[in-house]
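Novice: I have a structure here, written as structure tokens, and I will follow up with some questions on it.
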Amino acid sequence: MARIFQPKKKTQLNTRHQAVQVERLDHHGAGIAYLKKKPLFIDGALPGEEVVTQLVEEKSKFARGKLIKILKPSEARVEPFCSHYHECGGCDLQHLNYDQQLTHKQQTLRQLMRKFAGSDIELGAPVLGESLGYRRRARVSLFVDKKTRQLHFGFRKKQSKQIAQVTDCPVLAPELNVLLPEIYSTLKAFKKPEQLGHVELVLGDNAPCITLRHLNKLTEKETNTLVELAKRHQASLYLMPETDQLDLVEGEVPFYQEAGVTVPFTPNNFIQVNQAVNQKMVAQAVDWLDPKSDERVLDLFCGLGNFSLPIAKRAKHVVGVEGVAEMVEKAVNNASLNQINNARFYHANLEQDFEGQVWAAEQFDKVLLDPARAGASGIIDQVSVLGARRIVYVSCNPATLARDSQSLLEQGYQLTKLGMLDMFPHTSHLESMALFEKS
């Protein structure tokens, strides 16, 4: 007999306002209260606060609420310094004083390592830079309202594809922030602003850099207007008519310097957002790795050579491996530019088994890993076959660091140092660094 499908009746969401006590923050900076013994996540709420919330989502194991009113504020609560904070999705912790932000991030890192890697270790001092004006790159979103023909210019709203109108960003480097209102006024005068994609801003040591992604060819007048804007600010200007095409039409190729090396890049290359923290991060990684003049070092996920090139100044030989072919080519060029002759670079897929790769047949004294947020799960189980006695793991996701750490511990390594790097102040995002050693 055929069964007749009957859709499950949806439970009516109770949207009435409810007062709750916030107990702690989750790893993403949301306040956690409990409603009927179920965790209730409330963005913008802080531990110790009594707040009024309205349910916006309810699942079998958790619920989410919207912050309506704060009945009893936390002593750690501060007034956000940005007028766009409650709308823009760029920052999510401006309402928490900076010292408490650091404490929260350190606790998050330690808790994740304890829970998933089974390792409880005291953290070293956090690596810090300036908490404002620190971003040396940002992508500005563009959208034209079909009805009003108004150009929206700014950053994505919180948990939305809509754009918050922003022409002033306190966490953006001043050299880039000053460009925002002028770029906006220039672009909104274009004949067909709906044919514009986005604006990429990046600050090199030599100059700020503006990149405009556009779908149709710009008029000569529009191009000249952008060139004049760039000249006024002594900026480089790239036009990007295709996803993989970059045309430098004004200024010079940007570069940054660190640890005695010069690293040229283009706007579509990955570089760390926070220059000051990046410099300290590289210095700490080299210090923890402690490469000797007779040692061979492997740098996995090497990018442009952010770590490889400074390490090569001290090691006998460095091998860098990267999954993006263009980055490998530029790493080779960067080594040549800096007259570094003891570094080789390879293109390889580091999301899968590296057995059979030429570089993997070699033995290394030390290894550095700097993977993307997904971590290094594709190769982490093989690291011990490389023979390294010391491994430095630089992570932009503490959850995947904790997961990969478990594998390294099972391979006989010991976690001897752990630290947090505040690459993104006023956000819940945290970077970390771990040192593993094998006797």
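Every residue gets a Cβ built from N, Cα and C, even glycine.
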Novice: Starting from the S-adenosyl-L-methionine binding annotation in Swiss-Prot that includes GLN272, PHE301, ASN306, ASN349, ASP370, which of GLU322, GLU326, GLU329 is the extra site residue?
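Specialist: For the S-adenosyl-L-methionine site that includes GLN272, PHE301, ASN306, ASN349, ASP370, Swiss-Prot also lists GLU322.
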Novice: Once the DSSP letters are reduced so that anything not helix or strand counts as coil, what is CYS169 ([4Fe-4S] cluster binding site)?
Specialist: coil
Novice: Take the domain 'TRAM' (10-69) and average the pLDDT across it for me.
Specialist: 91
Novice: Spatially, which candidate from the binding-site residues CYS91, CYS169, PHE301, ASN306, ASP370 is nearest to CYS396 (active site, nucleophile), comparing Cα atoms?
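Specialist: Smallest Cα separation from CYS396 (active site, nucleophile) among CYS91, CYS169, PHE301, ASN306, ASP370: ASP370.
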Novice: DSSP says what for the domain 'TRAM' (10-69): how many helix, strand, coil residues?
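Specialist: In the domain 'TRAM' (10-69), the DSSP-based counts are 0 helix, 32 strand, 28 coil.
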Novice: Per DSSP, GLU322 (S-adenosyl-L-methionine binding site) is which: helix, strand or coil?
Specialist: strand
